[in-house]
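Only one structure is covered here, and it is reproduced in the block below.
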Amino acid sequence: MTTYKSDRFGDKQLGFALYLIGELIMFATLFATYFLFTPSAINPTPSETFELRTVVITSICLLSSSATIHYAEKAFEKGKEKGVWIGLISTLILATAFMGFEIHEFYKYASEGYTLTENLFLSSFYILVGLHAAHVLFGIGWMALLCYHYPRIPNAIYGQKQKIFTYYWHFVDVIWVFIITFVYGPYLF
Amino acid sequence: MTFELFNRTFFIATDVLLAYIALIGTGLGVLYLVNRANKWSVIKDYVTTTHHRKIGVLYLLSATLFFLRAGIEALIIRTQLAVPENDFWVFQGDKFNEAFTTHGTIMIFFVAMPLLIGLMNVAVPLQIGAQDMAFPYMNALSFWLFLAGAILVNMSFFMTASPNAGWTAYAPLSTAEFTPEAGNDYYIFGLQVSGVGTILAAINMIVTIVRHRAPGMKMTRMPLFAWSTLVTAFLILIAFPVLTIALYILMFDRLFGTSFFSGEAGSPIYWQHLFWIFGHPEVYIIVIPAFGIFSDVISTFSKKRVFGYTSMVVAIVIIGLLGFMVWVHHMFTVGLGPVVNTVFAITTMLIAVPTGIKIFNWLFTMRKGVIHLGTPMLFAAGFIPTFVIGGVTGVMLAVAAADFQFHDTYFVVAHFHYTMVGGTVLGAFAGIYYWFPKMFGFKLKDGLGKAHFWLFLIGFHITFFPQHFAGLNGMPRRVYTYTAEDNIFIFNFISTIGAFMMGIGTLFFVWNIYKSFKNPDRCGNDPWNGRTLEWSVPSPAPEHPFDPMPQVTTIDPLWEAKRNRGGKLPVANTSRSAPIDVTSWQPVGFSGLIMLFSLSFIYHVTWLQIVLGIMVLAFFALRTLTDEHTKMAREGEDHDNI
């Protein structure tokens, strides 16, 4: 890899890191909103809404996907094509499973009457966790495109694209850790 | 006004009707002129460009147009307030609310911001020895997103649904319960879309300044405009996401039935907190770049290195940091308690210290300098006393106990116009006159520039100085009339006269641009005997201007070269790779898409939301499938194979 390429890739890395700082502030504001309005004066309370089982399953899916994308990253560095595919596809599957369970969770809450407008705890829960879910969904599309790119574009460029994606994916994961800790945690454990 | 069509009676307010006629008339006129002069290729060139200078020009052009619109609103406001119990045209009651709301919103977000970001785009890469902004494609995207947001807010008037809850959109007034019309939805989506563009622009600025400086251009050698841009970009990066989320939550309140900011459980104060946590840094975002412009202009026109360079840098950094710790001074009367008010009063007053340092440094830069009073320097000189007055009233307002008297009166209006017009607008004018040659290769006319300056500055003081007294006599802001017994008629009347003077001054500016294009005075690369790198490259600045790349050894490198090297900058041995410039319809197309997407939310058309949402996402795929880095790498590979 010649230096002129890494110059421009360095720009991208810094730019994307700055973008993630912006995102972090957005999520921080939503967390603050959640703390402010939870628990609400009117029911339901978080404890009667949340269900441990789905939270555990979704967390296992998403947290382990950070490991699989890391595996893809390492495989790429070692030049193992098969490893990249394994890492990427398993991340994609885990992310899709996460989305499935998350949709199921929201659907279940909604069918129990715990909707967006029920009280402010639920409102702030949905706009925070929903925004995170939107990020996961976006990430799934991104990964699909990476899969499309991998056999088609120059290897060095693919590596850069994948690297930027891993930053994004780890970020989405870190936000989920915060969500477990501060949104679900106090009312489940 | 009502009229009959297809056996139905339609009503249209005469102001809207007139605006339609004016817009369509001007639009057709412009189309005709463009067609006659056969300039479609120029338009295409600018619409598809990713070059920093052209994007800067686009920012400045659109900001000027919005300045005229919001300026007309200011004149309407002043006319309505000229005499007691006035009944000017339709501008009473809610129409007046709409006028001051869009005046404020447009002036802050679609005039002040783009004027400064435009100047940054034009000047900063050239000042630091960068070939372009770090991400040229994203730069174009930033501009077009900004414009999409601006058009959304501006078109609301034509859809007879202007936002009407003030530029601060305080809840619960801004929630659907009290303003169910589409107006405040336009506000939400307009600001959201342009806000995303601004965040991307800030990222671009930071990466450009951190990674694209010429060899030897250490941070400690950067011109102060570049420094102020860097600090501003960080402020944007931290403050705008808070606005993004505030608007996101307000959107849920208005469109999806939540009640964060109203109702029994909701908290209107929370909106105020979120808005001002963004809003106070925002006012520094639009004044710090102006400080940078003045520093460069004053130094160039005094033929002296800026006095106290290090303290200037430290001062803007401190102002930036303190900017995040003062937001409650907008909320002293909310009732957060004496301790909170005291803390925020003290942090607010502290800001006077670094600002004072800057004022003294500017004065000392001029002292014993060889001062040339060109138009940019006139604006800089006019800025100093004007801004000091604004600063003094700022400290008065920071006294929490006294603020209970000043709050929401014309005293506040006078104060922030002294800082925003005295700082930002004068700064932007100085910057436009200063860098105009770098944009087009010729200067704006000096004589007309001086007329512009004097009319504008004197008009400004006539407008806003009396408003202090109107405020102290108890005139609340945002009222559309008053009585003769209120004892504020004379202040308002004088103020109105001054406003029209400012308006005439602005017309001189527009006339100046027209005249200068009509018969340009070509002035070479360095019309002001400049000190910094941008004056070493051709005017107008070409793509890849630095060839060969200069080696920077000092602050004011060009001045040093003129003194010691016969004007030749030393050449650097190595330089980093330049960003990839492309021409693309994608940024403008994407913004159009985002605009339609926003409209589908504003007017609650669910199927359109879904269709356009999918198209917006598809655009990301299109982008990654066509990106220029991949293309270039492919070409590189082919090259290697040969």
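Here, residue 1 is simply the first one shown, and the rest follow in order.
Each Cβ is built from the backbone N, Cα and C atoms, and glycine gets one as well.
If you look up TrEMBL, you'll see B:12-34 (among others) marked as transmembrane segment. Beyond the transmembrane segment (B:12-34), the same-chain residues lying 6 or more positions past its ends with a Cβ under 8 Å from any Cβ of the stretch are 1-3, 40, 43, 89-91, 95, 157-158, 160.
Under the heading domain 'Cytochrome oxidase subunit I profile', TrEMBL lists B:40-553.
According to TrEMBL, the transmembrane segment annotation covers B:55-77 (among others).
Taken from TrEMBL, the feature transmembrane segment applies to B:106-128 (among others).
Listed by sequence, the residues of this chain that lie at least six past the ends of the transmembrane segment (B:186-210) yet keep a Cβ under 8 A from its Cβ atoms are 101, 105, 109-110, 113, 117, 120, 124-125, 128, 130, 133-135, 138-139, 141-153, 155-156, 159, 161-163, 165, 169, 174, 222, 226, 229-230, 232-234, 236-237, 240-241, 243-244, 247-248, 250-251, 254, 591, 594-595, 598-599, 601-602. The transmembrane segment annotation in TrEMBL covers B:186-210 (among others).
Annotation comment: TrEMBL describes B:222-250 (among others) as transmembrane segment.
Sequence-distant contacts of the transmembrane segment (B:270-294) (same chain, at least 6 residues past either end, Cβ-Cβ under 8 Å): 108, 112-113, 116, 119-120, 168-171, 174, 223-229, 231-232, 235-236, 238-240, 242-243, 245-246, 249-250, 260-261, 316, 319-320, 323-324, 326-331, 334, 358, 362, 380, 383, 416, 419-420, 423-424, 426-428, 430-431, 434. For B:270-294 (among others), the entry in TrEMBL reads transmembrane segment.
Residues 220, 224, 227-228, 231-232, 234-235, 238-239, 273, 276-277, 279-281, 283-284, 288, 291-292, 295-296, 298-299, 344, 347-348, 350-351, 353-355, 357-358, 360-362, 364-365, 367, 555 of the same chain lie 6+ residues outside the transmembrane segment (B:306-327) yet bring a C-beta within less than 8 angstroms of a C-beta in it. The feature transmembrane segment is assigned by TrEMBL to B:306-327 (among others).
The transmembrane segment annotation in TrEMBL covers B:339-364 (among others).
Sequence annotations record features per position, and here TrEMBL assigns transmembrane segment to B:376-402 (among others).
Among the features that TrEMBL reports, transmembrane segment is placed at B:414-436 (among others).
Within the chain, the transmembrane segment (B:489-514) has long-range Cβ neighbours (under 8 A, six or more residues past its boundaries) at 64, 67-68, 71, 74-75, 78-79, 81-84, 410, 429, 444-445, 448-449, 451-464, 466-467, 469-470, 473, 475, 482. According to TrEMBL, the transmembrane segment annotation covers B:489-514 (among others).
Long-range neighbours of the transmembrane segment (B:601-622) within the same chain, counting only residues 6 or more positions beyond its ends whose Cβ lies under 8 Å from a Cβ of the stretch, are 152, 182, 185-186, 189, 251, 255, 586, 589-590, 593-594. If you look up TrEMBL, you'll see B:601-622 (among others) marked as transmembrane segment.
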Mean per-residue pLDDT computed across the domain 'Cytochrome oxidase subunit I profile' (B:40-553): 95
Distal contacts, the transmembrane segment (B:376-402) - CB-CB under 8 A, six or more residues away: 290, 293-294, 297-298, 301, 329, 332, 338, 341-342, 344-345, 348-349, 351-352, 355-356, 359, 362-363, 411-412, 414-419, 421-423, 426-427, 429-431, 433-434, 449-450, 453, 457, 460-461, 468, 528
Candidate ranges B:55-77, B:222-250, B:339-364, B:414-436 - greatest C-beta contact count to the transmembrane segment (B:106-128) (under 8 angstroms): B:55-77
